[in-house]
Amino acid sequence: MSAHAVPFEKYHGTGNDFFVVDADAEVVGDRAAFARAHCDRETGAAGADFGAESDGGRGADGVLFLSVEERFNPTRVVMTLVQPDGSTATMCGNGARVVARWAHDRTGDREFMIDTQAGTRRASVNADATAATIEMGEPTFAPARVPVARDEPLVDEPVEGLTVTAVNTGVPHAVAFVDGGRDDPDGIDTVDLDAVAPAVRHADAFPEGANVNLASVVDDGSGDGPAVIDQRTFERGVEGETRSCGTGAVAIVAVAQRLGLIDGESAVSRPPGGELEITVPAHGHATLTGPVAHEYEGTLPADPQ
Ligand SMILES: N[C@H](CCC[C@H](N)C(=O)O)C(=O)O
């Protein structure tokens, strides 16, 4: 085992939490092994070891390896998210919001371009850097681009026990609407997501797998404010439910629009970890806005056993 210790910062966006490593300063030879060991919720890195700001919780939803290039305007950040199962995610909405905050904390800038494997995304932080907004690209239902293994879009059809719509918002998502929000004793929180999601996540319809979302329309946006939707997401790569998923929030709003469940291009999604503001215009890129916070910092072994 190498004695090399890797400094990290821990951040979260609406409870979707990440270890952030400066990829220019640190060499982690086996990123998959690093993420698998340290993200584990039972045996991974424990926050209490690292400082008073932390709640002592273990693990994370992934490791963000970041490289900053300040010679560009706006400052460019190259983002790679390695997930708890060792896979690399093409895109992560909450992760990208964390990237903007981390880059702000290092540079003082408020506007960034973030290079992800799904493309370059503009990002910004608000005046006190407590919230970040990211451009999320244009959601697509095109079968080849989700991808789904068929010629027609998969819209509101049964897949392994859920009625889902398939959409790509940087990564593939299956979205199922259910009756009753979080306040309803018979609503969204009564579903055993960890039990029902894996069959959908691994269904033949999704050759690259899918993140699996449950959603419930709480307010359809036909009145004064934007639509409000309660959200739960089981993530590919985490292989479990997370506190929040940004690409999932955009997916839910895009599907709600497509199914005619909500009015307007703006909506609020409410995953367990907080609130996200989403816009999905008829044409052009979606946006995702929500809170971001620094938790603690420390060092982690580069070559965990
Ligand atoms: N939590 C992330 C999504 C990660 C996507 C990943 N789970 C995959 O599809 O491999 C988000 O906020 O968008």
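Even glycines carry a Cβ here, placed using N, Cα and C.
Remember, TrEMBL labels are computer predictions, not curated facts.
As annotated by TrEMBL, substrate binding site applies to Asn16, Gln83, Gly93, Asn94, Asn211, Glu235, Arg236, Gly246, Thr247. Positions annotated as active site, proton donor by TrEMBL: Cys92. Annotation comment: TrEMBL describes Cys245 as active site, proton acceptor.
Structural mapping of features recorded in TrEMBL.
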{"residue": "Asn16", "record": "substrate binding site", "contacts (Cβ under 8 Å, 6+ apart)": "Asp61, Cys92, Asn94, Gly95, Val98, Thr242, Arg243, Ser244, Cys245, Gly246, Gly273"}
{"residue": "Gly93", "record": "substrate binding site", "contacts (Cβ under 8 Å, 6+ apart)": "Ile134, Met136, Thr169, Gly170, Cys245, Gly246, Thr247, Gly248, Ala249, Val250, Leu288"}
{"residue": "Asn211", "record": "substrate binding site", "contacts (Cβ under 8 Å, 6+ apart)": "Val171, Pro172, His173, Ala174, Arg201, Thr233, Phe234, Glu235, Arg236, Cys245, Thr247, Gly248, Ala251"}
Least buried by Cβ count (within 10 Å) of the recorded positions Cys92, Arg236, Cys245, Thr247: Arg236
DSSP state at Cys92 (active site, proton donor), helix/strand/coil: coil
Cβ-centroid neighbourhood (8 Å) of the substrate site, Asn16, Gln83, Gly93, Asn94, Asn211, Glu235, Arg236, Gly246, Thr247 excluded: Asp61, Ala89, Cys92, Gly95, Val171, Thr233, Gly237, Val238, Thr242, Cys245, Gly248
